[in-house]
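J.: My structure is below; once you've seen it, I'll send some questions.
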Amino acid sequence: MAGRSGDSEEELLKTVRLIKFLYQSNPPPKPEGTRQARRNRRRRWRERQRQIRSISGWILSNYLGRLAEPVPLQLPPLERLTLDCNEDCGTSGTQGVGSPQILVESPTVLESGTKE
């Protein structure tokens, strides 16, 4: 189910538990003490978080053969994206909601430097 290329679910659950334990072993710093002490604790905490993130990525890639980050979704060019509902409107419970869109030319707001 959740595994890939023969990975067992038990192996996946073990890996997730290990990564969860790593993150739980580094709780956020307490907001007490002087400003400098709080800043130092936050800085050390962020550094440990970065180390945990890299260790988690290493565990995922070596034990499960996966990347820590998902593969980025490839989107079409912005020129091809539209918000026109006339072409392909879904009918999943949204019928009758809102009013039909009327396309109107937008006035040129900053056509000249004078106010009207």
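A Cβ is built for glycine as well, from the same backbone N, Cα and C atoms used for every other residue.
The annotation phosphoserine is assigned in Swiss-Prot to Ser5, Ser8, Ser92, Ser99 on the grounds of sequence analysis. Under the heading region 'Homomultimerization', Swiss-Prot lists 18-26, citing sequence analysis as support. Annotation source Swiss-Prot lists region 'Disordered' at 23-48, 92-116. The motif 'Nuclear localization signal and RNA-binding (RRE)' annotation in Swiss-Prot covers 34-50 and is backed by sequence analysis. Residues annotated as motif 'Nuclear export signal and binding to XPO1' in Swiss-Prot, with sequence analysis given as evidence: 73-84.
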J.: Counting every protein chain present, what is the number of Cβ atoms, excluding its own, within 10 Å of the Cβ of Ser8 (phosphoserine)?
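T.: The Cβ of Ser8 (phosphoserine) has 10 Cβ neighbours within 10 Å.
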J.: Determine the mean pLDDT over the motif 'Nuclear export signal and binding to XPO1' (73-84), rounding to the nearest whole number.
T.: 72
J.: Where does Ser8 (phosphoserine) sit by DSSP, helix, strand or coil?
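T.: Its secondary structure by DSSP: coil.
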J.: With DSSP, how much of the region 'Disordered' (23-48) is helix, how much strand and how much coil, in residues?
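T.: Tallying H, G and I as helix, E and B as strand, the rest coil: 16 helix, 0 strand, 10 coil.
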